[in-house]
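**Q** What follows is a single structure, and I will ask about it in a moment.
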Amino acid sequence: MTQWYPASPALWQGRDDSIEAPDARRLFQTVTRSEAFFPENWQQKIALMGFACDEGVKRNSGRPGAAGGPDALRKALANMASHQGHERLVDLGNWVAPTPDLEGAQQALRDAVSRCLRAGMRTLVMGGGHETAFGHGAGVLDAFAQESVGIINLDAHLDLRQTDRATSGTPFRQLAQLCDAQSRAFHYACFGVSRAANTQALWREAQWRNVTVVEDLDCHDALAQMTQFIDKVDKIYLTIDLDVLPVWEMPAVSAPAALGVPLIQVLRLIEPVCRSGKLQAADLVEFNPRFDEDGAAARVAARLGWQIAHWWR
């Protein structure tokens with residue numbers, strides 16, 4: 001059974017510069033850490049949650065270790081400067097999945113996300129493998145059942161695989177099937193896709209599903225496509241698989257990208273999403289601290305989370 005645990009206060013530590021000025025503060029001083037999962041107490045805040053699960057990565061023959069991602073990212077965030085938007089972050093702890101119950105873990109995350117959104121919060125989830133996306137996305141669909149939900153994925157992989165059970169490579173096929181079951185449109189855009197990492201069958205599935213696909217080679221000039229996708233939906237769920245970044249910026253993932261999309265381009269693509277007023281949920285997935293020797297990759301991932309919270313409108 002999936003268990004919920006509050007985040008350890010030891011993760012939120014940093015240098016205290018408050019003697020310099022009242023606003024010389026860092027995230028460890030402005031993030032609120034909750035000892036109970038009760039989102040109804042935190043309306044209009046951003047729920048920071050961890051999904052400590054890499055069972056989907058294991059099933060997908062990937063490199064395990066992403067279950068340690070949420071706490072590693074908290075530590076990297078803690079000492080970053082606190083600016084506008086960061087005071088809204090409330091740490092609502094981790095959902096910890098026992099092996100091999102991926103499906104139960106995804107259901108627990110789905111229920112938690114839906115509860116947060118219905119309570120008036122927004123959700124920022126730290127994975128975990130990209131199996132995070134099915135639980136997170138399903139929770140968003142549940143919370144906004146009468147509105148069109150757009151799923152924006154920055155990822156080297158389409159993650160539309162067809163297998164006999166859920167993995168880190170199946171979440172968007174699962175979400176498509178959920179939309180089919182609910183008789184609603186499946187709005188999915190994937191930016192940063194590597195043609196070399198996706199079979200022809202996956203490209204065919206994306207075409208059949210009317211997925212907006214932008215290859216890694218074309219992301220330098222993709223703002224118009226991003227804006228067009230934003231404009232056609234009511235609510236947005238943004239998911240960032242860190243393997244969209246090039247290996248020299250992000251080696252600490254299950255499947256490092258030989259080419260990838262540089263961090264600065266990723267930031268330029270997500271800025272209009274964050275500022276759109278439509279973003280309800282976001283996540284960072286696939287960070288694997290086992291392959292981050294000096295903490296540099298954690299800081300790269302944390303900068304993405306920092307920027308999302310700062311830009312979020």
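The backbone N, Cα and C atoms fix where each Cβ goes, and this holds for glycine too.
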**Q** Out of D23, D241, D243, which one does Swiss-Prot list together with H130, D155, D159 for Mn(2+) 1?
**A** D241
**Q** With the Mn(2+) 1 site defined by H130, D155, D159, D241, which remaining residues of that chain have Cβ atoms positioned within 8 Å of the Cβ centroid?
**A** A133, N153, A156, H157, S168, G169, P171, F172, T239, D243, V244, V285, E286
**Q** Could you give the Cα-Cα distance between H130 (Mn(2+) 1 binding site) and D243 (Mn(2+) 2 binding site), in whole Å?
**A** 10
**Q** At the Cα level, what's the spacing in Å between D243 (Mn(2+) 2 binding site) and D155 (Mn(2+) 1 binding site), rounded?
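**A** Pair distance, Cα basis, whole Å: 6 Å.
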**Q** Just jot down the residues in the same chain as D159 (Mn(2+) 1 binding site), at least 6 apart in sequence, with C-beta under 8 A of its C-beta; none if empty.
**A** H130, A133, N153, S168, G169, T170, P171, F172, R173, C190, D241
**Q** Far apart in sequence but close in space: which same-chain residues, 6 or more away, have a Cβ under 8 Å from H157 (Mn(2+) 2 binding site)?
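**A** H157 (Mn(2+) 2 binding site) has long-range Cβ partners H130, G169, V193, S194, A197, N198, D241, D243, A255.
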**Q** Could you name the residues, excluding D155, H157, D241, D243, of the same chain that surround the Mn(2+) 2 site, i.e. Cβ within 8 Å of the Cβ centre of those residues, in sequence order?
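**A** Neighbours within 8 Å of the Cβ centroid, excluding D155, H157, D241, D243: H130, N153, L154, A156, D159, G192, L242, V244, A255, A257, E286.
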**Q** Mind telling me which of the binding-site residues D155, D241, D243 has the densest Cβ neighbourhood, counting other Cβ atoms within 10 Å?
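**A** Neighbour-count leader: D241.
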